[in-house]
Amino acid sequence: MFGFLLLLSLPFILYLVTPKIRKMLSSGVCTSNVQLPGKVAIVTGANTGIGKETAKDLAQRGARVYLACRDVDKGELAAREIQAVTGNSQVFVRKLDLADTKSIRAFAKDFLAEEKHLHLLINNAGVMMCPYSKTADGFEMHIGVNHLGHFLLTHLLLEKLKESAPSRIVNLSSLGHHLGRIHFHNLQGEKFYSAGLAYCHSKLANILFTKELAKRLKGSGVTTYSVHPGTVHSELTRYSSIMRWLWQLFFVFIKTPQEGAQTSLYCALTEGLESLSGSHFSDCQLAWVSYQGRNEIIARRLWDVSCDLLGLPVDW
């Protein structure tokens, strides 16, 4: 009888505790009052989710914001929504397919011809747990989009970021990087492939890239940070029915895209973070990085291998 009554009361208990759980899990809010008139920002994957909320906040602060999206139609819808909400007409959509180096190079070429400055590069876009597939250039999709695509984009825009200093680069990683390993003999999933692990490997690559990039940018006025946005309801789960089911089951513990954008915004806007360039953040504070994520030898080798795969000079 007691068990039956407890079961009946469970919805009421959840109703009472859910707000407290949500408040606890959404901790970490960007409280910066920095305004951005005259500043230029690029946010990849900004047509939806965390990227759209990040772009919206930057636009609210007066920045010229470029939504770099694979789906231009969805990007235009997002841009109109952001313009309507913020009153900022300087929100633009440009085609960027991170699974195609030709598209990345075309985006960068057009942007550099269009803009004199770039102050914020938010490498937000990504894929998660997709079936084994390859990019237009033959890279495994996770490492190709999440790491190599943003690696190339950053390379192509870096001189503009230096010219516009102080400027910042924010790379979205994940708590999942703790499960990641960089196996150079299986970087493309040639010998063994797991969609979940491939995602984790690529998120570890984001952290290693941030770490190595920060070393190379020391004294340039450009700083870089990696972030874990939290567990966020987004379109990243579109390839996994299991993940979509888990997201629905544990909805209480899932952040909204706006909440998920807070750490990206914190790293992009908070004054005084320059000395922490190369660091990893979660919930708007420094976060623990896995052992391999702190390995400078692996970071340097991944840099060299990435340059080789993309046909880039090693010293940039």
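Backbone N, Cα and C define each Cβ position, glycine as well.
Positions annotated as transmembrane segment by Swiss-Prot, on the basis of experimental evidence: 1-21.
Here Swiss-Prot flags 22-316 as topological domain 'Cytoplasmic'.
For Gly45 (NADP(+) binding site), the same-chain residues 6+ apart in sequence whose C-beta sits under 8 angstroms from its C-beta are Gly51, Ala68, Cys69, Arg70, Asn124, Ala125, Gly126. The NADP(+) binding site feature in Swiss-Prot is assigned to Gly45, Ala46, Asn47, Thr48, Gly49, Ile50, Gly51.
In sequence order, Leu156 are the residues of the chain that are 6 or more apart from Lys109 (N6-acetyllysine) and have a CB within less than 8 Å of its CB. What Swiss-Prot lists as N6-acetyllysine is Lys109, and the listing cites similarity to another entry.
Look at Swiss-Prot and you will find Ser174 tagged as substrate binding site, backed by similarity to another entry. In this structure, Ser174 (substrate binding site) belongs to neither helix nor strand by DSSP; it is coil.
The active site, proton acceptor annotation in Swiss-Prot covers Tyr199. In the structure as shown, the Cβ atom of Tyr199 (active site, proton acceptor) sits within 10 Å of 27 other Cβ atoms.
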Taken over the topological domain 'Cytoplasmic' (22-316), the model's mean pLDDT: 94
Conformational class of Asn47 (NADP(+) binding site) under the three-state DSSP mapping: coil
Same chain, 6+ residues apart, C-beta under 8 Å of the C-beta of Asn47 (NADP(+) binding site), given in sequence order: Leu67, Cys69, Asp71, Lys74, Gly75, Leu77, Ala78, Val93
Cβ-Cβ neighbours of Thr48 (NADP(+) binding site) (radius 10 Å): 18
Neighbouring binding-site residues, C-alpha within 10 angstroms of Ser174 (substrate binding site) - of Ala46, Thr48, Gly49, Ile50: none
Pairwise Cα distance for Tyr199 (active site, proton acceptor)/Ala46 (NADP(+) binding site) [Å, integer]: 20
